[in-house]
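A.B. asks: As annotated in Swiss-Prot:
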BINDING   HIS16, ASP174, ALA175, LYS176, ARG241, PHE242, ASP250, ARG256, LYS257, ALA273, LYS277  ATP binding site
BINDING   ASP18  Mg(2+) binding site
BINDING   GLU44  K(+) binding site
BINDING   GLU57, GLN100, ASP250, LYS281  L-methionine binding site
REGION    100-110  region 'Flexible loop'
Amino acid sequence: MSERKLFTSESVSEGHPDKIADQISDAILDAILAEDPEAHVAAETCVYTGSVHVFGEISTTAYIDINRVVRDTIAEIGYTEAEYGFSAESVGVHPSLVEQSGDIAQGVNEALESREGDTDDLSHIGAGDQGLMFGFAINETPELMPLPISLSHQLVRRLAELRKSGEISYLRPDAKSQVTVEYDEHDKPVRVDTVVISTQHDPEATNDQICQDVIEKVIKAVIPADYLDDDTKFFINPTGRFVIGGPQGDSGLTGRKIIVDTYGGYSRHGGGAFSGKDATKVDRSASYAARYIAKNLVAAGLATKAEVQLAYAIGVAQPVSVRVDTFGTSTVPEAVLEAAVRQVFDLRPAGIIQMLDLKRPIYKQTAAYGHMGRTDIDLPWERLNKIDALVEAVKTVL
């Protein structure tokens, strides 16, 4: 009997409480960067019934109307009705932001290398904290992402499209998806085994109507027919009712959906969240750089699967480690790939910021439906512009 395995990933909609918090944090970051690209920002958000708290550390010359940014973000998501228990114009907004610690700032503003005499401008900025970050790519999808998380994101994005267009008028903003994919003995996806979708809805909507609409207009519109068969299981609103949702149903916090934000559990994660952080925080910028490296390695044909780990010390510019793992799929030794990566990519924080142009207000758009593998927006870490350089670097190393 051939050995087959299942793997499951989930996603959540922009109206999920944790994602509301992420989007508010990144909307604040973008508003600040639009006025002050050199700002240091660590903005956290908590949402619950009727209230939003924004707190954290910020050093900037910009002045922004946080109250307005918060309300506009909530309205864009779709929380505009008082009956939702959380409405853009009626929530209480409570900001509590202070200046970044001087002890941290001195290591970020002048890295150890700079203090020791390195005059390279890109050695001037130190990492904003210690930590380890992972990036991943695999040739399962055109965007080089694992199939389970790719499908999960597409399902909740489709729900949002149908809600905002009015095609399914009873939908409300909160939703979750989960997709289980079956893999063959060669680790190739062969079918979708299970799809779970829970979507918030108006009280008059019936379970039968919701199931029919979600299967026909969401699942079958997103998942290729070749992956669906008579044995594929659908669980649509399996509790039977999902009227109370969003922050009325659960509180939400920035940074609680880090697996949704990345690879759906298919790859390792260093533990650091992204939203609300400027690019001097390597939790964010180095994770983007690691994805950029992994995607270009796979696209270059140097591996069919690649995971890149980067690690940093606070106040130090150069990474303390760079690791490439291809799970036995590389065409050359992994040590060669690591050497090529170091040759092609400047992985100092300032190098990453320059390479990916990360001082721009581009972050709010990443705060729902994944930071990696996006095909609907132009993100610099998704570009395949290092393929030739990597191939040439491998030749020089060999």
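Heads up, the Cβ atoms here are built off N, Cα and C, so glycines get one too.
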A.B. asks: What binding-site residues in the list GLU57, GLN100, ASP250 lie within 10 angstroms of GLU44 (K(+) binding site), counting C-alpha atoms?
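C.D. replies: So the list reads GLU57.
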A.B. asks: Taking only the Cα atoms, work out how far the residue listed as 'Mg(2+) binding site' lies from LYS257 (ATP binding site), in Å, as a whole number.
C.D. replies: 7
A.B. asks: Using the structure shown, find which entry in HIS16, GLU44, ALA175, ARG241, ASP250 (the binding-site residues) has the sparsest Cβ neighbourhood within 10 Å.
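C.D. replies: With the binding-site residues HIS16, GLU44, ALA175, ARG241, ASP250, fewest surrounding Cβ atoms within 10 Å: ARG241.
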A.B. asks: According to DSSP, which of helix, strand or coil covers LYS257 (ATP binding site)?
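C.D. replies: Where LYS257 (ATP binding site) sits, the three-state DSSP reduction gives coil.
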A.B. asks: Using DSSP with the three-state reduction, classify ARG241 (ATP binding site) as helix, strand or coil.
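C.D. replies: ARG241 (ATP binding site) sits in coil per DSSP, no helix or strand.
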A.B. asks: With the cut-off set at 10 Å between Cβ atoms, which of these binding-site residues ends up with the most neighbours? Options: ASP18, GLU57.
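C.D. replies: Per the Cβ count within 10 Å, the most buried is ASP18.
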A.B. asks: If you measure from the Cα of LYS281 (L-methionine binding site), which of the binding-site residues HIS16, ALA175, ARG241, ASP250 is the nearest?
C.D. replies: HIS16
A.B. asks: If I restrict to non-local contacts, at least six residues apart, and a C-beta distance under 8 angstroms, what lies near LYS277 (ATP binding site) in its own chain?
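C.D. replies: Once residues fewer than 6 apart are set aside, LYS277 (ATP binding site) is near LEU29, VAL41, ALA42, ALA43, ASP283, ARG284.
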A.B. asks: Using only the Cα atoms of GLU57, GLN100, ASP250, LYS281, which the record gives as binding L-methionine, return the largest interatomic distance in Å, rounded to a whole number.
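C.D. replies: It comes out at 30 Å between the most distant Cα atoms.
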A.B. asks: Report the nearest neighbour of GLU57 (L-methionine binding site) in space among the binding-site residues HIS16, ALA175, ARG241, comparing Cα positions.
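C.D. replies: Comparing Cα positions, the closest of these binding-site residues turns out to be HIS16.
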A.B. asks: Count up the helix, strand and coil residues in the region 'Flexible loop' (100-110) according to DSSP, in that order.
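C.D. replies: Split by secondary structure, the region 'Flexible loop' (100-110) comes out as 8 helix, 0 strand, 3 coil.
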A.B. asks: Hey, how far is HIS16 (ATP binding site) from GLN100 (L-methionine binding site), Cα to Cα, in Å?
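C.D. replies: Cα to Cα, HIS16 (ATP binding site) and GLN100 (L-methionine binding site) are separated by 29 Å.
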A.B. asks: Please identify, among the binding-site residues ALA175, ARG241, ASP250, LYS257, the one with the smallest Cα-Cα distance to GLN100 (L-methionine binding site).
C.D. replies: LYS257
A.B. asks: So the record assigns HIS16, ASP174, ALA175, LYS176, ARG241, PHE242, ASP250, ARG256, LYS257, ALA273, LYS277 to ATP. If I measure every Cα pair among those residues, what is the longest distance in angstrom, as a whole number?
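C.D. replies: With HIS16, ASP174, ALA175, LYS176, ARG241, PHE242, ASP250, ARG256, LYS257, ALA273, LYS277 as the binding residues for ATP, the largest Cα distance is 36 Å.
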